[in-house]
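Below you'll find the structure, written out as structure tokens, and then a few comments.
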Amino acid sequence: MEKLQNRILQEGHALSETVLKVDSFLNHQVDPDLMYEIGTYFKNYFKEHKITKVFTIESSGIAPAVMTAMQMNLPMVILKKQASKILNGDVYQTTVHSFTKGLDYELTLSKKYIAKEDNILIIDDFLANGEAALGAARLVKEAGAKVAGMGIVIEKSFQPGRKMLEDKGYDVYSLARIAKLQKGLIEFVK
């Protein structure tokens, strides 16, 4: 997605060889027009996949996921990273390691928001090592439902996430694929 790549080049900051800061339009301040366009790209790519729900992991995946769900006229479910007292234990849970934060968390899905016949589209802001996406997929599989695909806003292609997901048979569609990060340098996959 050329517009997204341009925004990354104009406003993104490569803080290191693995960390890209895009907080001016994606994960702190959000550009709703850009998120709408991102939703359009995901809707168009996954339109033949018979999606029944859009899932995302709190919190930075929410904006692109809600725009995708809105355009597909589907419900969106937010997978929780922290235990909630209102879920009352009627949940699916899996442990996920956060690459960004360097810690483990319990990814949680209420059983009432997924059915065996669901065909789930997982949307996330970043793909690096693939741990978050795999965790979301584990919850979907535990419920007996199917992962129809994974929509990623920004993929760090130099990390193993895509290969791990594709090796497990998932259809991964990324809007911006980064080949290399260095302090002050961002290069895309050609």
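Residue 1 is the first one shown; counting continues down the chain.
In case you wondered, yes, glycine gets a Cβ from its N, Cα and C as well.
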Exercise for the section: Going by Swiss-Prot, Leu20, Asn27 bind xanthine; tell me which of Lys156, Lys163, Lys168 is listed for that site too. Expected result: Lys156
Exercise for the section: Could you state the whole-number distance in Å separating the C-alpha atoms of Asn27 (xanthine binding site) and Ala128 (5-phospho-alpha-D-ribose 1-diphosphate binding site)? Expected result: 16
Handout entry: Residue pair Ala132 (5-phospho-alpha-D-ribose 1-diphosphate binding site), Lys156 (xanthine binding site) - Cα distance, angstrom, rounded
Key = 14
Handout entry: Secondary structure of Ala132 (5-phospho-alpha-D-ribose 1-diphosphate binding site) (DSSP, helix/strand/coil)
Key = helix
Handout entry: Rounded Cα-Cα span from Ala128 (5-phospho-alpha-D-ribose 1-diphosphate binding site) to Lys156 (xanthine binding site), Å
Key = 5
Completion exercise
The rounded CA-CA distance in Å from Ala128 (5-phospho-alpha-D-ribose 1-diphosphate binding site) to Leu20 (xanthine binding site) is 11
Fill in the blank from the handout: Cα of Gly130 (5-phospho-alpha-D-ribose 1-diphosphate binding site) to Cα of Leu20 (xanthine binding site), in Å and rounded, measures 16
